[in-house]
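Q: Sending over a structure as structure tokens; questions will come in a sec.
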Amino acid sequence: MAKSPMRVVVTGAAGQISYSLLALIARGDVFGRDQPVDLVMLDLPFAKDAMEGVVMELTDCAFPSLKSVTATCDQTEAFTDIDVAVLVGAFPRKPGMERNDMLAKNAEIFKAQGALLNTVAKKTVKVLVVGNPANTNCLIAQKYAPTIPKQNFSALTRLDQNRATAQIAAKAGVTSDKVTGITIWGNHSATQYPDAWHGKVNKDGAEVAASAACNDNAWLKSDFITTVQKRGAAVLAARKLSSAMSAAKAIGDHLHDWICGSEGRWVSMAVTSDGNKYGVPEGLIYSFPVTCQDGTWTVVNGLEISEFSREKLTVTADELSGEAKYAAEFLEKASA
Ligand SMILES: NC(=O)c1ccc[n+]([C@@H]2O[C@H](COP(=O)([O-])OP(=O)(O)OC[C@H]3O[C@@H](n4cnc5c(N)ncnc54)[C@H](O)[C@@H]3O)[C@@H](O)[C@H]2O)c1
Ligand SMILES: O=C(O)CC[C@H](O)C(=O)O
């Protein structure tokens, strides 16, 4: 039997990430070629013409699973009866901007969008926040959408996971598909902790620990971590624009695994910290290793955490607690 269409909104639809992402979704690479999609694009009024150009291009691609495409600058229209909301639209960091500048610029956007999703989206909507600072923007949207289950909110750290996986693959001399179990803990920021200690590499047909395949623990504890932590900044410095193609690919991976299932593989998603066994404070949007089945993520609990790792899990949790406090104070002042 034919599947009923899935209504998917992408915000920031005229921006550079969306330019790659919309085609992935429309082609069926994310939700499956047999899943019809009603695609809704939202951006600010100044970007209306640019969005219309993207609509023309999507139409001209003649994708079989793209049932309809709508471009709008009206948030209520965009979020009504939505199944999946991909919140990309935000003010991106420019050279010289600090994270708190970005947080202040974006907090109001995610407050308003959370409140609107709460009112007009399906209660089953799945929300992925990409706009930075992604974890805290997600926390804000979630807070203002109290009638949508907290489970349904996540932020993107899959790009970091993909970056880390690619680094391990290069070091081990294999392709990325041979590397599994690499985790990103915490914030999508320079405090994130890319963790390869539970990773595996399939080398010459045999599965070995990633640390054995890399054979360089000093690298795993230093340059590997900093390369991944600073990769976004390195791309920004080189392109004078933040990463877009790789971000779109990671968004597709995240949504695919969340909604269609991860088939037992661990993937990293920033999700509500709720009853985890790693001592992460409750309520933060923190990146954990998870598995996904039937549209639900479950944190992989019980992994052994060394002293080295414990310290790093705490640093990134502390940063998120600070961001949450800053955001709450900012929004309180703004509404006073
Ligand atoms: N989490 C991650 O891994 C990750 C990776 C890369 C980029 N990002 C972030 O994603 C965001 C988008 O990046 P980009 O390169 O596509 O930026 P971009 O500037 O090219 O596009 C952003 C778009 O969002 C629109 N926009 C701004 N406010 C909006 C609102 N309230 N509603 C709807 N649309 C709005 C803008 O008009 C613009 O078209 C940035 O915050 C960036 O830092 C996150
Ligand atoms: O603004 C940044 O430093 C990073 C942008 C983006 O989140 C990325 O990881 O590529």
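Cβ atoms are placed via backbone N, Cα and C, with glycine included.
Annotation source TrEMBL lists domain 'Lactate/malate dehydrogenase N-terminal' at 6-153. Per TrEMBL, NAD(+) binding site is recorded for D43, N106, V130, G131, N132. As annotated by TrEMBL, substrate binding site applies to R93, R99, N132, R163. The domain 'Lactate/malate dehydrogenase C-terminal' annotation in TrEMBL covers 157-330. According to TrEMBL, the active site, proton acceptor annotation covers H188.
I'd like these features described in context: how deep, what's nearby, how far apart.
A: Close to D43 (NAD(+) binding site) in the fold, though at least 6 residues off in sequence, lie T11, G12, A13, A14, G15, A50, M51, A71, C73, G89, each with a CB less than 8 Å from its CB.
Look at R163 (substrate binding site): DSSP puts it in a helix. In the structure as shown, the Cβ atom of R163 (substrate binding site) sits within 10 Å of 21 other Cβ atoms.
Summarising the environment of H188 (active site, proton acceptor), the number of other Cβ atoms within 10 Å of its Cβ, over all protein chains shown, is 28.
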Q: Where the criterion is a Cβ under 6 Å from an atom of ligand 1, which of the binding-site residues G131, N132, R163 meet it?
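A: Within range of ligand 1: G131, N132.
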Q: Going by DSSP, give the three-state secondary structure for V130 (NAD(+) binding site).
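A: Where V130 (NAD(+) binding site) sits, the three-state DSSP reduction gives coil.
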Q: Please list the binding-site residues from R99, G131, N132, R163 whose Cβ falls under 6 Å of any atom in ligand 2.
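A: Only N132 qualify.
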Q: From the Cα of N132 (NAD(+) binding site) across to the Cα of R99 (substrate binding site), what is the distance in angstrom?
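A: A Cα-Cα distance of 9 Å.
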Q: Give the distance between the Cα atoms of V130 (NAD(+) binding site) and R163 (substrate binding site), rounded to the nearest whole Å.
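A: One finds 16 Å between the Cα atoms of these residues.
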Q: Tell me, what is the mean pLDDT of the domain 'Lactate/malate dehydrogenase N-terminal' (6-153)?
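A: Mean pLDDT across the domain 'Lactate/malate dehydrogenase N-terminal' (6-153) comes out at 95.
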Q: List only the single closest residue to R163 (substrate binding site), chosen from the recorded positions N106, G131, N132, H188 by CA-CA distance.
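A: Its closest listed neighbour, by Cα, is H188.
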